[in-house]
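J.: From TrEMBL, for reference:
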REGION    1-237  region 'Pyrophosphorylase'
BINDING   Leu13, Ala14, Ala15, Gly16, Lys27, Gln80, Gly147, Glu162, Asn177, Asn235, Arg340, Lys358, Tyr373, Asn384  UDP-N-acetyl-alpha-D-glucosamine binding site
BINDING   Asp110, Asn235  Mg(2+) binding site
REGION    238-258  region 'Linker'
REGION    259-502  region 'N-acetyltransferase'
ACT_SITE  His370  active site, proton acceptor
Amino acid sequence: MSSQQAVAAVVVLAAGQGTRMRSATPKVLHELGGRSMLGHVLAAAQPLGAATTVVVVGSGREAVEAHLAAVAPGARAVLQAEQLGSGHAARVALDAVPELEGPVLVVNGDAPLLRTATLTALVDGHTAAASVFTVLTAEVDDPTGLGRIVRDDAGAPRAIVEERDATPGQRAVREVNAGVYVADAGTLRRVLAGLATDNAQGEQYLTDALAPLVEGGAPVAAVPAPDPDDVLGCNDRRELAVRRRTLNDRVLDELMRSGVTVVDPATTWVDVTVTVAPDALLEPGVQLRGTTSVATGAVVGPDTTLVDTTVGEGAAVVRSHVLGAVVGPRATVGPFSYVRPGTRLGADAKVGAFVETKNAQVGEGSKVPHLSYVGDATIGRGSNIGAATVFVNYDGVAKHHTTVGDAVRIGSDTMLVAPVTVGDGAYTAAGSVITEDVPPGAMGVARAAQRNVAGWVRRRRPGTAAADAAAAAGAAAEGTAGSRPAGDTPAGPAEPGADHER
Ligand code: UD1
Ligand code: CA
């Protein structure tokens, strides 16, 4: 980064209540694109290389401090006990670092679209003008609610006037204060100490720092943001939705430019923390969140959510909800499956329709095609889990593990009661409740033998369609007792009847 140590410190103002959000959550913790507003501001400022980062906290202090500890442990939270205004907040921050000298970036905590390039442009403008106080500005179509930049006839900035305190003429100005400033620490300290509260809100406005400096003849500057979208604040839920959309559009634009196909940008939501490789394809209705990554050639969607999930090359995840999983190269998931944390699908593995998995390793080429629950399991390579199999992992108190070896055939509707192991090359008979290990190569059968009660329909359901059909089928079958002599083993050639699908 060219501007290593571009500023000595970053001060983020995040103590305000954010009343307009109407939320129990502090405003700066509201999330968009996979980060809190505060997280976005800190991420934008991080490459400036400041040795000190101070975040002014107040409203919802505990929550904001806990969040900071998680996302920016190097930042220092400083308490503004009473919210007396943005100028007071900046002052509290500077008081906490009395030794600080040089340029300081001061930024509102509710500016989630800020980008590093914009901050760099501000710092560069500050340096070029040899300024002691530089404000970032933007020309906006609707300046309602924002501070206006008042310039003199020569175009030099004279003051920042809050809307509530502005004259009609000043309100017509469309150049607004972004709430982002670079100032010399010593100068800022001095001017903040003298701030008055003679304004509509009775607060100490940081914006009031500019005019006295101009009057005292100090060099100040106002730098327009390269992209006015960058500086938009976020004060209520409607603005949050609009900012989220803008952020998402940026993320998708970048992905598309890099070679990702996004079929329907309007219904595709990708966090800033996600990576998608060129030639991946995102179908409509996809959400990619957290640390998710999608490799080249993979297809995601339609209507799929991936959270903290890794999707390998050429894999496909269709109409499914996937959390904390690894989907191996060319593996497939869905439609309509729920893949939960700790699931690891090997290369060419398959989790088909209406399957739930959790903490489950499915080995290379193994398949769980339909209607199954696979929890706390290790499945080897090339095995097939028949339809409606349940890995019975929970005894009501504790979870237990099931191990299935390589090239195993689990019959449909098998209950694998953990802890249990099915050895390499073994089978289980459809409908079995497997409570004991099945050795390699064995057929595990655990179900009652079938008994046919001959003539039952004729005797017990006379006159029904079933009785008529049975009669039409002939008396021969009627006369035969059980279909299978007692004691026969149910492992005849047709028996596994299990793995539906190859
Ligand atoms: C502020 C600016 C306005 C600018 C706009 C840009 C002031 C007086 N006005 O208005 O010129 O156009 O941002 O979005 O600064 N805060 C504290 N402690 C306080 C008060 C505020 O930490 O006592 C923090 C807030 O958490 C927020 C920031 O300062 O992050 C700005 O406060 P906010 O109330 O959002 O100011 P705006 O009315 O949006
Ligand atoms: Ca604001």
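From the backbone N, Cα and C atoms, a Cβ is placed for every residue, glycine too.
Show me how these features fit into the structure around them.
T.: Gly147 (UDP-N-acetyl-alpha-D-glucosamine binding site) falls outside any helix or strand according to DSSP and counts as coil. Remark: Gly147 (UDP-N-acetyl-alpha-D-glucosamine binding site) has Ile160, Val161, Glu162, Glu163, Val176, Asn177, Gly179, Thr207 as non-local neighbours, by Cβ distance under 8 Å and separation of at least 6 in sequence.
DSSP classifies Asn235 (Mg(2+) binding site) as coil under the three-state reduction. Within 10 Å of the C-beta atom of Asn235 (Mg(2+) binding site) sit 15 other C-beta atoms, taking all shown protein chains into account.
Listed by sequence, the residues of this chain that lie at least six past the ends of the region 'Linker' (238-258) yet keep a Cβ under 8 A from its Cβ atoms are 21, 30, 32-33, 40, 112-113, 229, 232, 265, 268-272, 274, 276, 278, 282.
Secondary structure at His370 (active site, proton acceptor), taken from DSSP and collapsed to helix, strand or coil, is strand.
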J.: Inside 10 Å of the Cβ of Leu13 (UDP-N-acetyl-alpha-D-glucosamine binding site), count up the other Cβ atoms and send me the figure.
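T.: Its Cβ shell of radius 10 Å holds 29 other Cβ atoms.
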J.: Whose Cβ, among the binding-site residues Ala15, Lys27, Asp110, Arg340, has more other Cβ atoms within 10 Å than any of the rest?
T.: Ala15
J.: Using all protein chains in view, find how many other C-beta atoms are within 10 Å of the C-beta of His370 (active site, proton acceptor).
T.: 19
J.: Going by C-alpha distance, which of the binding-site residues Leu13, Ala15, Lys27, Arg340, Tyr373 is nearest to Asn235 (Mg(2+) binding site)?
T.: Lys27
J.: Please give the UDP-N-acetyl-alpha-D-glucosamine site's span as the largest CA-CA distance among Leu13, Ala14, Ala15, Gly16, Lys27, Gln80, Gly147, Glu162, Asn177, Asn235, Arg340, Lys358, Tyr373, Asn384, to the nearest whole angstrom.
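T.: Binding-site diameter by Cα atoms for UDP-N-acetyl-alpha-D-glucosamine: 68 Å.
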